[in-house]
Amino acid sequence: MGYAKQPDFGTPAVRSDRTVTLSIDGREVTVPEGTSVMRAAAEIGGDIPKLCATDMVKSFGSCRLCLVEVEGMRGTPASCTTPATEGMVVKTQTPRLEKLRRSVMELYISDHPLDCLTCSANNDCELQDAAADVGLRDVRYGYDGAHHLGQAPDLSNPYFLFAPDKCIVCSRCVRACDEVQGTLALTVDGRGFASKISAGTAEDDFLSSECVSCGACVQACPTSALMEKSVKEHGKPERSVVTTCAYCGVGCTFRAEMRGEQLVRMVPWKEGKANRGHSCVKGRFAWGYANHKDRITSPMIRDSIDEPWREVSWAEAISYTAGRLKDIRAQHGARALGGITSSRCTNEETFLVQKLVRGGFGSNNVDTCARVCHSPTGYGLKTTFGTSAGTQDFDSVEHSDVILVIGANPTDAHPVFASRMKRRLREGAKLIVIDPRRIDLVRSPHIEAQYHLPLQPGTNVAVLTAMAHVIVTEGLVDTQFVAERCEVDAFEDWARFVADESHSPERLEPVTRVPAEELRAAARLFATGGNGAIYYGLGVTEHSQGSSTVMAIANLAMATGNIGRPGVGVNPLRGQNNVQGACDMGSFPHELSGYRHISDAETRALFESDWGVTLDAEPGLRINNMLDAAVDGTFRAIYIQGEDILQSDPDTKHVAAGLKAMDCVIVHDLFLNETANYAHVFLPGSTFLEKDGTFTNAERRIQPVRRVMDPANGYEDWQVTQLLANAMGLGWDYGHASEILAEIARLTPTFAGVTWERLCEEGSLQWPVNEANPDGAPVMHVDGFVRGKGHFVVTEYVPTDEKTGPRFPLLLTTGRILSQYNVGAQTRRTANTAWHPEDLLEMHPTDAENRGLNDGDWVRLASRKGETTLRIKVTDRVAPGVVYTTFHHPETQANVVTTDFSDWATNCPEYKVTAVQVSASNGPTDWQEDYAGLAERSRRISHEAEGEPAE
Amino acid sequence: MSDTPHSGTLARLIYMANQIARNFCALDHDAAATATADHIAQFWDPRMKAAISGKEADLSDVAARAFAILHEQGEPAPQTRATVFNDADEGGRSDAG
């Protein structure tokens, strides 16, 4: 595909049941009522010149270039602000309009540098296009009058620049920031001729401002005033390929705009159904890690982790690895081997890793990072609804009246969805936030939560039960929904349980620390405020009662009738790009793809006959149990694709002990991550830009990932798995990811109708795609729950065993921040470090003062498990008694302090509650120093390659 | 760490079994024990199941009964919808993580 701009219809699409038909330049067009004349013209291929209009933001009517003539109307109305009406007769090109438009352009150009040939927007500039469209040949005013030329550009943002002399003050950037992103960081400062775009800070630069670097302003800018630095460096793209972002579970689709194999920029794809043309700083800009100097592209092996790495050929690496695996299996049995699939990799790659473990290694010891994030969602929603997937698509939020956000921080962790949510909130939807921290959503420009319930970490179940108490005892239950859609006996048991006085907000206030009146008011609002939607994240799941909390959320949604239509539902916000897909693909130790238990003989027979192997009928080990078994000597070898368990999993010392005890640790990754410090084989991985395949986002939306450049390491990740499988004697011969997808569809009923060709044609499909849902299923439980009736579950509050006390009086909770992503392997290797160069510990001013600590001080953070040091940020965003940090930086190793307590049902770690003490510190802890030494030793590479050179 | 209940794999497994049992406490004793047994049967690896005899002093009554059920009667039928899995040819359900 050659390079073409994305179509721009000038004004946003309008939803209306009624249509109008009008005539534009003699051609009839029928559009939804309320559509602008500009958009109507664009829909039949017309191109009315415009500068201040773009279809991502509302019409503004400022540039006066899009004037048209309408029969029966006086003057020349702006087509962007004039709605099309029935029978309207419009002319977009007349001598009068030509003259008017040309005059307008003359004024613009009289104050614009005429350096088109050297401008980074040359041939990709709407001002240039408009000048051509109106036939501008001369500027009668000359260029000597007052002007804005020669102003210094703002280069503060690492990814884009602002050149004020190229700015035409159309305010598209300001409106994109307001309407699309919802940050309201930009403004037009001054009046008349002095008007200028401002980031509104004392320094008046983008980096010091509220700007979150989402790129919406850059995308909206019609000139080179706001421009990606990468375009300035490389030039205009020559082709574009639509692909899917590899960061969070929102699953934004982008156009990778290329020059040869050089990625010039990633631009959000307007037709993407998850992101609708929007992006965040990570997907839009943070892709430079692909070429970072730390990237390893040659396979490496070593017999012991005390030795330096030895670069070898792929052939030697694979043969060495297969040899070790076979030896270990011969000596210790198949159950001594296992693997971890990656939620960062494609469905196809994940499917193959679990196929290799089950069919090649011969055990079911396969797990994935959903273990440490949303496994309780699986358990909880399956128990209550019969299916655990999120019930809605992202578009649903446009119909919500009350949004309840619990244990999620969407503006940081799911920013593109957060922008869509904020848009709905600005339209008037009400917001309830249940979170120990005052997250940005609680109060930000034009957004204010009606209720923020700052609960004590670890008391989610108590808070939700108290809300249910209010709903039941105050007669706010949707009795018709419950009677028609739910198991009534179970409801009655539950209602009796929650109605007990011991579950009243007043009685639970000492436990939850949430003021009872606030909680009552929030419960009433949720039950009576119209369409109520619940969005939750890892603040729900990463607790000892994660699964119970998910069930309590489902109970609340059913009791209030908030299931089965747009605007409502239970919506888990997934952490990683393909965490849904990794689970769908059979990455859990107890089940095959499509959520079929490994003990089911019929299911096993299906796979056994297709794969030509015999499968173990017993469930395998979960990640944490693999580590225990390794310490005990019964688990000896692991193949880890695209996951850094040493940094991401809790109780780092235990993870290290488990890895150290194994005979063969195989890390398949882009970088020598922390886990690789304990590895014997390093197989270099490929980035999402270097492979074909599919990701499945939080909406169950399967989207294509497309290869835009050759893998720097020589192979797509599934090819590496295939090499290993074949060295183990499996005889696979996949030639392309689409062949693996065909196998997935053949063996997985929910994927039955999915093909690579169909995905490429339709853009995305939401599973299940089968006989009952040939085109997929955007919203679930519309007429009934997947398996009959909704099931209320009594969720008894069981306090965590992680207790504060005199030695560890504070509660630590952890999370992530907008600019960094999880263990930071990618984002730390980009300019995103400009925003978050280190992990900080947030602490309330009272707690800081009691300890004599000041903002920026180095502190020692200690728990019963371990200790680390980092700097503190004193802020009232956290409540007294609670501290918070991120886990993006290996220097901090926040998980050295987290415990091995976990969810009772799924063993999802209790990251969100650790009893800690914080005190002044003079420097790194012994663990940090020892670990830094180990990491340095372990990363040594001997460059005296033996055998044939690496490919 | 010696001051947590999880030192050693056996201690950890006992803790896990007790924790599962504790979260089924809304059910009566027998139902909670059967649900705990079902949960362990469906989600635990064989070496984990084999590690616990059911006689360990630290096991709660419900957890101990769960192991007795597993040893005497084998795997119980599904006790919650969490342990009802898709059939080989069934589509449309998920317990995604």
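Here the Cβ of each residue, glycine as well, is placed from N, Cα and C on the backbone.
Since we're looking at a predicted model, the values are computed, not measured.
Database features (TrEMBL):
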DOMAIN    A:18-96  domain '2Fe-2S ferredoxin-type'
DOMAIN    A:96-135  domain '4Fe-4S His(Cys)3-ligated-type'
DOMAIN    A:158-189  domain '4Fe-4S ferredoxin-type'
DOMAIN    A:202-231  domain '4Fe-4S ferredoxin-type'
DOMAIN    A:238-294  domain '4Fe-4S Mo/W bis-MGD-type'
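Across the candidate stretches A:18-96, A:202-231, A:238-294, the maximum count of CB pairs under 8 A to the domain '4Fe-4S ferredoxin-type' (A:158-189) is reached by A:202-231. On the 0 to 100 pLDDT scale, the model's mean across the domain '2Fe-2S ferredoxin-type' (A:18-96) is 97. Taken residue by residue, the domain '4Fe-4S ferredoxin-type' (A:158-189) breaks down under DSSP into 13 helix, 6 strand, 13 coil. Across the domain '2Fe-2S ferredoxin-type' (A:18-96), the DSSP tally of helix, strand and coil residues reads 9 helix, 21 strand, 49 coil. Residues of the same chain lying 6 or more positions beyond the ends of the domain '4Fe-4S ferredoxin-type' (A:202-231) and with a Cβ under 8 Å from any Cβ of it are 51, 54, 56-57, 112, 119-121, 124-127, 154-164, 166-168, 170, 172-177, 180-181, 183-186, 237, 263-265, 267-268, 277-281, 284-285, 415-416, 419, 445, 818-819, 834-835. Break the domain '4Fe-4S ferredoxin-type' (A:202-231) down by DSSP state and the numbers are 8 helix, 3 strand, 19 coil. Here the domain '4Fe-4S Mo/W bis-MGD-type' (A:238-294) is broken down by DSSP into helix, strand and coil counts: 9 helix, 21 strand, 27 coil.
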